[in-house]
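Peer 1: What follows is a structure written as structure tokens; I'll ask about it next.
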Amino acid sequence: PEVKKFVAWDYVVFAALFLVCGSIGVFFAIKERKKKTSKEFLVGGKQMTCGPIAFSLTTSFMSAVTVLGTPSEVYRYGASFVLFFLSYALVIIFTAELFLPVFYRSGITSTYEYLELRFNKIVRLAATLIYILQTILYTGIVVYAPSLALNQVTGFDLWGSVVATGIVCTFYCTLGGLKAVVWTDAFQMIVMIAGFVTVLIRGTTLNGGSTKVWEDAYEGSRLSIFDFDVDPLRRHTFWTIVIGGTFTWLGLYGVNQSTIQRCISCKSEKHAKLALYLNLLGLWTVLVCAVFCGLVMYSHYKSCDPWTADFISAPDQLMPYFVMDIFSSMPGVPGLFVACAFSGTLSTVAASINALATVTFEDLVKKCFPNLSEQISTWISKGLCILYGVLCTSMAAAASLLGGIVQASLSIHGMCGGPMLGLFTLGIVFPCANWKGAIGGLLAGITLAFWAGTGSFIYPAPPTKSIPLQLSTLNCTLVNSTEALPTAAPTAAPDRPLLADTWYSLSYLYFSAIGCLGCTITGLLISFITGPSKGEDIPPVLIKPVCNPFCFWSERLKAFLWCGVRHDSQEVDFEKNLPKVTANKTGTDYTFENSINKENKRQFPGYNPEENSYTN
């Protein structure tokens, strides 16, 4: 059946959304032009409250990938995707209790600054380069996804819209109004939920109410959620989603520059934690909406699947196709939906380009040319924005080759985010890790994760492990022919190497866990071989004493596990315990302001730290 294309009203709604987003940006650019200090620009002057930050965190990780990808994932593979609500909960708890306090208290603006404080400049540089790589790859997918959808439903030219997205975002960034990102995000969150809810209500009423949808899903075995098979090669089981998903999203949430930058911009640590927990509610809402949309879609197409019948060219176009199908009589609504998919993209891409330019300028350009004038710096930053805009847009071309967008984007995050997560875990949890261990671990983690990831792209998993559930095309009126679809002749399988059916067939959610564990274990081994770092040299604020709750019975065991980090002095004003990062010093021989004298005083018998006096 010929599905309707966009009509005038749709374009009006679509354009309105762009205008609102653009004008928020311009408004803040004009309003904030007086306060152009870098601190103000990067972390909003540490004045944000938890509300807008929570919205902003939710929107930027729920880009078009979620809006378009998750429903089609549920439609094809069943509702086991809903188990991500467990992984999200674990991720937020770990981020709020383990990573955030360390970053917030050490008073940094870039998470990679932490690596320099804890290890040295080399580690920071390596991590920065990996972050740049990860963000460019991911942004390519985020640009490509909505363009693909638009191309399907509106007849927009695919590459035209890819280039358009790239240009709009680059312009937006170079404009410099990007502390508007947070408020734009809050607005887009509302649009996104509104889009989902309209689709849900309309779809359910068309298909005979929620009980009918539920029955259809049950009959199509779309509701078998709890699958406790431990086989790590199966694509989605309870374990892959809860364990693998937690590692993947921790790499995204716990240590990612964009998340931490937003949390640090809160007034207080309490506000930052609140923002994270509120954001968990947002993540759950979007996840549930997306999963239900998938079930409604299945109920609608159960006897005629548009993908196998070749009405659409990629499974990610299912959602837009469905929207155009059910709202064909209501002009304006499809426009709202496409706007919803697109707004997520704009925020993600603009934020990525901004973060890339910031990180490159701070960590690479300034290190090489410390004495640049203000004017030149501004021009370099704008040039970087344009450069990254071009790079991300060209990555979108590569994204078209990567298969389903949910899988591709999570694989990339897993491959780069896992090793980074391992690196920060080494720094925060293991006081004995030294910088040689950090570098070695990072390299080992990256190698392992990329080896598994690239292998799985070249030799996809055997179909038995990732079979989409049954889809039928019985009642389809085909576009060009009347008879049922012929089944394709089986093609000869290419020669598969020995590892293809084991190592390369791992579930894509495990890439992150491989990278993280590989990095942590190798890092600890190398640290022990080369001589572990002395705890006395590490400011306690850079380490989180994870072992405390586990060995509450023995002070001596606690002290042993801290490896000499003086955690009993945690209550001392931690600002004073931080080494100042000095531009000319290399390595880790930092000057401790006056913490050493404090520590020495404390060692005498009878010293009472509460009153700073001796009771003899």
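Note that Cβ sites are derived from N, Cα and C of the backbone, with glycine treated the same way.
Annotations for this protein, taken from TrEMBL, read as follows:
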TRANSMEM  6-30  transmembrane segment
TRANSMEM  50-69  transmembrane segment
TRANSMEM  81-104  transmembrane segment
TRANSMEM  125-146  transmembrane segment
TRANSMEM  158-175  transmembrane segment
TRANSMEM  182-201  transmembrane segment
TRANSMEM  236-255  transmembrane segment
TRANSMEM  276-298  transmembrane segment
TRANSMEM  385-406  transmembrane segment
TRANSMEM  412-430  transmembrane segment
TRANSMEM  437-459  transmembrane segment
TRANSMEM  508-529  transmembrane segment
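Each of these features: where is it, how hidden is it, and who are its neighbours?
Peer 2: Distant neighbours of the transmembrane segment (50-69): 141-142, 145-146, 148-149, 181-183, 185-186, 188-189, 192, 195-196, 252-253, 258-259, 262-263, 265-266, 271-272, 274-276, 278-279, 281-283, 286, 290, 316-317, 319-320, 340-342, 344-345, 347-348, 351, 404-406, 409; these residues of the same chain sit at least 6 beyond its ends, with a Cβ under 8 Å from one of its Cβ atoms.
Residues 70, 73-74, 111, 114, 225-226, 236, 238, 241-242, 245-246, 248-250, 253-255, 259-260, 263-264, 269, 272-273, 276-277, 279-280, 283-284, 287-288, 290-291, 294, 424, 428-429, 541-544, 546 of the same chain, all 6+ positions outside the transmembrane segment (81-104), place their C-beta atoms under 8 angstroms from a C-beta of that stretch.
Within the chain carrying the transmembrane segment (437-459), a Cβ under 8 angstroms from the stretch's Cβ atoms is held by residues 115, 119, 122-123, 126-127, 130, 402, 411, 414-416, 418-420, 422-423, 426-427, 494, 496-497, 499-500, 503-506, 508, 510-512, 514-516, 518-528, 530, all 6 or more beyond its ends.
Sequence-distant contacts of the transmembrane segment (508-529), counting only residues of its own chain at least 6 positions beyond either end whose CB sits under 8 Å from a CB of the stretch, comprise 232, 235-236, 240-241, 243-245, 247-248, 250-251, 407, 410-411, 413-419, 421-423, 425-426, 430, 432-434, 436-438, 440-442, 444-449, 452-453, 456.
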Peer 1: Counting Cβ pairs under 8 Å that are 6 or more apart in sequence, does the total for the transmembrane segment (125-146) and the transmembrane segment (385-406) reach three or more?
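Peer 2: As far as Cβ distances go (cut-off 8 Å, pairs 6 or more apart), the transmembrane segment (125-146) and the transmembrane segment (385-406) touch.
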Peer 1: Given a Cβ distance threshold of under 8 angstroms, which distant residues of the chain, six or more beyond its ends, lie next to the transmembrane segment (276-298)?
Peer 2: 50-51, 53-55, 57-58, 61-62, 66-67, 70-75, 79, 81-82, 84-85, 88-89, 92, 95-96, 100, 189, 192-193, 196-197, 199-200, 203-204, 207, 213-214, 216-217, 220, 222, 263, 318-319, 322
Peer 1: Excluding the flanking five residues on each side, which residues at least 6 beyond the ends of the transmembrane segment (182-201) place their CB within less than 8 Å of a CB in that stretch?
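Peer 2: For the transmembrane segment (182-201), the list is 17, 20-21, 24-25, 28, 44, 48, 51-53, 55-56, 58-60, 62, 67, 262, 282, 285-286, 289-290, 292-293, 296, 322-323, 326, 333, 336-337, 339-341, 343-344, 346-347.
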Peer 1: Using a Cβ cut-off of under 8 Å, list the residues of the same chain at least 6 residues beyond the transmembrane segment (385-406) that approach it.
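Peer 2: Counting only partners 6 or more residues beyond its ends, the transmembrane segment (385-406) has Cβ contacts under 8 Å with 65-66, 68-70, 72-73, 136-137, 139-141, 143-145, 147-148, 159, 162-163, 165-167, 169-170, 173-174, 315-316, 349, 352-354, 356-357, 360, 457, 460.
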